[in-house]
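Asks: According to Swiss-Prot, the protein has these features:
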- 1-141: domain 'RNase H type-1' (DOMAIN)
- 9, 47, 69: Mg(2+) 1 binding site (BINDING)
- 9, 133: Mg(2+) 2 binding site (BINDING)
């Protein structure tokens, strides 16, 4: 099974507001950068989209070390999701889980691989996390007010 390192980040200008996500995938010496964004979103949704998009980009099952600066993503997929599923996608106080469709997509993407999640401190000089942050900002740029969007 191939081993891939993935570094993800999300960004939002306003919360909610325009946002972007970025990911760096590394397999040996080969690297791939991904980014995207939305006009109206939240930082948590962008953090989730970064992880989902990166895992979905892998063409075959891989052993993955996924690095995120989002405790929300790390704790959600490794701790909270089990209770949410058991409770019919409701929180412990019976409210609908925010971003449930993204959590479900992340779980589906994760289940195709052997994923180990790692939390890294954001904006602390971690080179790959800084690159993922730059990509997230690049993904957000077309959606900021006054910017033209080209396709």
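Any Cβ shown, glycine's included, is placed from N, Cα and C.
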Asks: Just the number: how many Å between the Cα atoms of residue 69 (Mg(2+) 1 binding site) and residue 133 (Mg(2+) 2 binding site)?
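Replies: Between the alpha carbons of residue 69 (Mg(2+) 1 binding site) and residue 133 (Mg(2+) 2 binding site) there are 10 Å.
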Asks: With DSSP, how much of the domain 'RNase H type-1' (1-141) is helix, how much strand and how much coil, in residues?
Replies: 58 helix, 49 strand, 34 coil
Asks: Can you list, in sequence order, the residues of the same chain other than 9, 47, 69 whose CB lies within 8 Å of the CB centroid of the Mg(2+) 1 site?
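Replies: For the Mg(2+) 1 site the neighbour list reads 8, 10, 46, 50, 68, 70, 73, 122, 129, 132, 133, 136.
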Asks: How many whole Å apart are the CA atoms of residue 47 (Mg(2+) 1 binding site) and residue 133 (Mg(2+) 2 binding site)?
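Replies: On Cα coordinates alone, these residues lie 10 Å apart.
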Asks: Rounded to a whole angstrom, what is the C-alpha distance between residue 9 (Mg(2+) 1 binding site) and residue 133 (Mg(2+) 2 binding site)?
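Replies: Rounded to a whole number, the Cα-Cα distance is 5 Å.
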Asks: Could you tell me which of these binding-site residues, 9, 47, 133, has the greatest number of Cβ atoms within 10 Å of its own Cβ?
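Replies: Counting every other Cβ within 10 Å of each candidate, the maximum falls on 9.
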